[in-house]
Amino acid sequence: MNVSERRNKIVDIIENSADPVSGSLLAKECGVSRQVIVSDIAALKEKHNIIATSRGYIISKPPAAVRVLKLIHSDEEIEEELSTVVKNGGRIRDVFVWHKIYGKIEAPLEIKSMMDVAEYTESLKNGRSRPLKKVTYEYHYHTIEADSEETLDNVERALAEKGFVVKEEKR
């Protein structure tokens, strides 16, 4: 298989998977090393909107509606926050903070199901990492996607009812 065929196969595998696809699986399927896959993904990223998540590669399809929300809550409320978004039809694309020195610090999440919520919160509970919100005294932002603006309104309303939404001051 030549480079072009391999890259087409990589895109095909990721597009047809319901879940993120690991680099190891792609390497095995294509009969190459993980390093070759990393190089191929770098070449394919822009054209195919491939995103690397902690669980593997996905191809991000443009959502119908997107909204960025500023939020604040305790560590104990992370699962409730993410579950509220998912149960109301939203998907959490990422988390980011604005640091006074470093600027925007961002991490992809791609949380779209209760299983994703459980996996993410379990990784935090296991101490593998700390939430990004710790850098900015619990304040953080999520980019939320949904199939409609109405769904985003429902997500925002549900989060606000729980006291998680921080209203930005108009300047």
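Numbers run from 1 along the shown chain.
Backbone N, Cα and C atoms are what each Cβ position is placed from, and that goes for glycine too.
Here the structure is a predicted model, which means the values were calculated and not measured.
Feature list (source: TrEMBL):
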- 6-58: domain 'Helix-turn-helix type 11' (DOMAIN)
- 71-164: domain '3H' (DOMAIN)
- His73, Glu81, His140, His142: Ni(2+) binding site (BINDING)
Non-site residues, in chain order, whose CB comes within 8 A of the mean position of the CB atoms of His73, Glu81, His140, His142 at Ni(2+): Leu69, Leu71, Ile72, Ile78, Leu82, Val95, Lys133, Leu159, Phe164
Among His73, His140, which are binding-site residues, the residue with the most C-beta atoms within 10 angstroms of its C-beta: His140
Other CB atoms, at most 10 A from the CB of His142 (Ni(2+) binding site): 25
Confidence summary (mean pLDDT) of the domain 'Helix-turn-helix type 11' (6-58): 92
Those residues of the chain, 6+ apart, with a Cβ under 8 Å from that of Glu81 (Ni(2+) binding site): Leu71, His73, Leu159, Lys162, Phe164
Three-class DSSP secondary structure - His142 (Ni(2+) binding site): strand
DSSP-assigned states of the domain '3H' (71-164) in counts, ordered helix, strand, coil: 43 helix, 26 strand, 25 coil
